[in-house]
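Straight from TrEMBL, the features:
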- C:136-345: domain 'ABC transmembrane type-1' (DOMAIN)
- C:26-44: transmembrane segment (TRANSMEM)
- C:50-70: transmembrane segment (TRANSMEM)
- C:82-103: transmembrane segment (TRANSMEM)
- C:132-162: transmembrane segment (TRANSMEM)
- C:174-201: transmembrane segment (TRANSMEM)
- C:207-224: transmembrane segment (TRANSMEM)
- C:256-274: transmembrane segment (TRANSMEM)
- C:327-345: transmembrane segment (TRANSMEM)
Amino acid sequence: MSTTTTAPSAPTAVSRRGDSVFAGLATGAGLLIMLALAGVAIFLIIEGIPAISASGEQAYGKDNIVVYVWPLLFGTLLAAVIALLIATPLAVGVALVISHYAPRRVARPIGYLIDLLAAVPSVVYGLWGRAVLAPAILPVYAWLADHLGWLPFFDGPARTGRTILTAAIVLAVMALPIITAICREVFLQTPRIHEEAALALGATRWEMIRMTVFPYARSGVISAVMLGLGRALGETMAVAMVLSASGLVTINLISAENPSTIAANIALNFGNASGTKVNVLIFSGLVLFVVSFAVNFLGRWIAARGQVKA
Amino acid sequence: MATSIDISDLNIYYGDFLAVEGVGMTIRARSVTAFIGPSGCGKSTFLRSLNRMHEVIPGARVEGKVVVDGQSLYDPSVDPVAVRRQIGMVFQRPNPFPTMSIYENVLAGNRLNSKRMKKAEADDIVERSLRGANLWTEVKDRLGKPGMGLSGGQQQRLCIARAIAVEPQVLLMDEPCSALDPISTAAIEDLIHELKSDYTIVIVTHNMQQAARVSDDTGFFNLKAAGEPGHLVEFNATSKVFSNPDDPSTEAYISGRFG
Amino acid sequence: MSLLEERRPAAKPTAMPLVAPQIPAYAPWLAAVLAGGIAALAGLLLGWSLVAVVLVAWALLVVGLPAWSAAIEGERRAKDRLVTTIAWSTFALAMIPLASLAWEVVENGHAIISSEFLTYDMRGVLGAGGGIYHALMGTLIITALATAISVPIGVMAAIYLVEYGKGNRLARTITFLVDVMTGIPSIVAGLFAFALFTMIFGPGVRFGIGGAVALSVLMIPIVVRATEEMLKLVPEELREASYALGVPKWRTIVKVVLPTALGGIVTGVTLAIARVAGETAPLLIIVGTTTTLNLNPFDGRMATLPVFIFSSVTTGGKYDAEQTARAWGAALVLVAIVMTLNLLARAVGKVFAPKTGR
């Protein structure tokens with residue numbers, strides 16, 4: 001021991017205080033998030049409860065809240081499911097092109113482009129759907145009604161392009177970049193050794209993809225689709241702008257009489273609502289919250305289960 | 001400015017798992033003490049317990065006594081942050097801060113503790129520390145460049161400069177050469193020889209030649225079986241450990257018959 | 001084909017059979033041109049529409065190329081070519097609406113963009129004229145406020161999760177709730193803000209700060225996620241190096257961990273801003289819209305670009321054409337803002353990318 005050092009305990013108090021203040025701030029931020037989410041649920045419930053007893057004029061002329069919300073929920077699910085039926089195969093194809101088919105030089109800019117398209121605001125998609133897609137697709141609906149009218153979906157009559165099918169197509173276009181982005185990531189994560197093992201056995205590219213990429217990516221793709229579904233369920237503006245809604249339950253996709261969706265219905269009616277009508281709309285929002293929560297939860301659960309297995 | 005360390009009956013746990021059991025030794029001031037032993041025998045864990053770095057890992061705790069300069073490190077009133085200012089550490093892989101220049105890296109310990117200093121004083125510390133780490137002539141013209149731009153051996157010497165810039169009493173080195181090529185390793189070993197006159201140095205190494213070359217005292221750690229805690233088998237002067245060890249298992253390890 | 005078949009026995013029969021008959025490398029292109037040509041010819045002769053011609057050409061390609069391949073290369077290669085063709089087809093199909101969207105926004109939007117359009121509000125304007133200055137400012141103010149609320153909360157929460165919580169029960173709960181928040185429909189966030197401020201200020205409340213709160217509900221989870229990912233990427237060694245220098249934990253986080261992760265965090269925050277800047281539904285509910293400039297987010301309705309677009313299009317009436325033109329112009333401005341933010345985020349990510357290696 002050459003030097004006697006004074007015990008370096010002087011800075012103790014200072015650094016300890018800094019630590020506890022900082023840790024407190026961080027924990028507080030975390031707790032605030034819990035509080036915020038609890039707040040979302042609680043405020044929606046408080047403001048939604050008065051709607052349960054609403055009827056007649058207060059419930060937009062419906063007997064009770066269930067009769068009011070059900071057609072909206074039906075429309076929400078219908079539009080979202082059709083959108084996913086359209087978007088999923090396309091998204092998987094595009095993701096496959098980016099991850100395995102296109103040369104690197106091309107794949108990268110394409111991926112870039114898809115990411116940018118995911119950022120386009122929904123209101124712009126809505127504008128496009130209303131002003132461009134709806135008029136352009138009307139002849140197709142007319143053709144469908146003429147030739148496939150015996151199917152209940154295409155009963156027609158096709159008088160407007162602003163149908164639930166158009167809304168679903170717009171939703172599909174919106175969900176496409178999101179699903180593609182996740183699928184691409186999952187496809188790219190396939191272990192190289194698996195792919196090379198398949199190729200070394202003399203597999204063609206498609207056989208390699210079917211043998212290694214798809215089994216590995218299955219849960220990732222499913223959860224991507226669930227996330228896309230959650231997004232499509234909650235999407236407001238695109239539907240509100242595209243759809244010419246009359247709020248009934250039908251599976252006729254191309255007529256002028258279309259079911260509405262919860263989110264679009266709130267957006268279109270909230271401005272003029274007053275009294276219990278506000279509560280009715282908030283109640284429908286609560287239903288939407290629960291449904292999209294369930295879908296998202298399912299998606300993450302599948303993703304988590306897949307990760308454990310991998 | 002150097003100090004000795006007395007360790008008695010030290011047990012180190014990770015959660016419920018006893019990793020190191022019953023270690024006792026005295027590390028002399030101004031000397032180089034080396035720890036050798038097979039992988040997983042707890043020598044790195046033991047080293048980290050000497051400046052309370054092991055408790056960074058959640059669940060890690062220590063029983064027993066480590067006395068530095070008359071103070072017990074594990075006394076409740078002792079601040080681990082203050083301990084680490086007195087007992088510096090150099091890690092297995094060079095880890096300069098990627099956001100900082102060479103100059104800032106050397107001063108990191110002072111700056112991060114928000115010590116205010118004049119430019120001349122700071123320049124002085126940087127030059128002294130880099131000279132101390134045998135790095136000054138190589139980097140003096142590019143002090144503003146990122147520390148990550150140096151070679152592996154230079155980065156490790158930068159980390160040593162960073163550690164000695166805060167003027168610690170003791171320098172702990174956890175396999176400081178294991179990620180380096182032979183030439184860089186030789187440079188670090190030379191440096192350890194020079195630093196010995198100012199600091200108490202404790203080094204963990206897998207390389208027995210290195211232990212023989214640089215150290216004055218050597219401790220041999222071993223474990224009885226996998227899953228059992230590691231323990232100190234023998235602690236003696238390096239010359240004795242490598243020529244005429246007390247314990248047969250030490251001789252077996254050193255002569256390469258085991259491990 | 002006959003040529004190939006003749007050549008095969010010519011190869012030394014003793015060696016491994018490494019040569020297999022192949023259709024030429026340009027075959028897919030040739031097939032595409034042929035299919036297109038046949039369909040176009042048929043279309044011209046029979047008077048089909050363009051859509052029909054494209055569909056027929058595609059069908060010819062999807063059937064023709066694998067058939068050609070099957071004849072020469074065998075079934076397995078034919079299947080491979082079929083899937084390749086289909087994959088590229090989905091890509092082309094997916095690009096049609098996306099390209100159309102980009103084209104229409106620029107095509108319909110650029111004409112109206114002028115200094116007047118960007119610097120005037122809509123006070124007293126019925127037909128042509130007027131501008132989006134009020135909506136532009138509203139979007140900037142509300143987005144800035146939302147960022148000011150979300151970034152400190154989001155970053156600190158992520159610090160808690162990575163540096164303090166480390167998988168304890170509270171941290172796991174928060175992670176789960178952040179997941180839930182990511183999935184909140186934007187209109188529900190608007191309803192939340194509305195319900196919250198209705199309870200405080202009474203019914204019918206509309207102001208900018210409410211919109212900022214609603215957007216924060218959407219933004220915080222994105223910020224938490226991005227920051228969390230980046231903090232996890234900071235090597236444990238750097239924290240240990242800092243602790244070993246006797247630096248307290250909070251200073252280590254502020255001076256070592258955060259600067260190292262800064263690039264990624266800024267990128268994530270910028271992407272989050274881009275995302276909420278285009279949000280419409282919550283603003284429609286809690287902020288409403290107006291025709292005049294309102295710079296005070298604590299008092300009264302404010303116009304924002306997305307809501308401006310929505311209400312311009314849906315109002316209808318006598319001046320529908322002018323309103324729609326303004327909506328396209330506003331859409332172009334909004335898309336430009338969002339795209340700029342995205343490109344900026346990428347640039348920032350590149351600049352700050354951790355400098356590894358030497």
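Note: Cβ is positioned from N, Cα and C throughout, glycine not excepted.
Note that the structure is a prediction, hence the values are computed from the model and not measured.
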Beyond the flanks of the transmembrane segment (C:82-103) by 6 or more, those residues with Cβ under 8 Å of it: 28, 58, 61-62, 65-66
Other parts of the chain folded back onto the transmembrane segment (C:327-345), taken as Cβ under 8 Å at six or more residues beyond its ends: 104-106, 108-113, 117-118, 132, 135-136, 139, 266-268, 270-271, 273-274, 277-278, 305-306, 308-309, 312-313
Non-local residues, at least 6 beyond the ends, that sit with Cβ under 8 Å of the transmembrane segment (C:50-70): 23, 27-28, 31-32, 34-36, 38-40, 42-43, 77-79, 81-82, 85-86, 89
Feature contact check the transmembrane segment (C:174-201) with the transmembrane segment (C:256-274), CB under 8 Å, 3 or more pairs: no
Folded-back contacts onto the transmembrane segment (C:207-224), same chain, C-beta under 8 angstroms, at least six residues removed: 138, 141-143, 145-151, 153-155, 157-158, 161, 178-179, 181-182, 184, 186, 189-190, 192-194, 196-197, 268-269, 271-273, 275-276, 279, 282-283, 285-287, 294, 296-302, 304
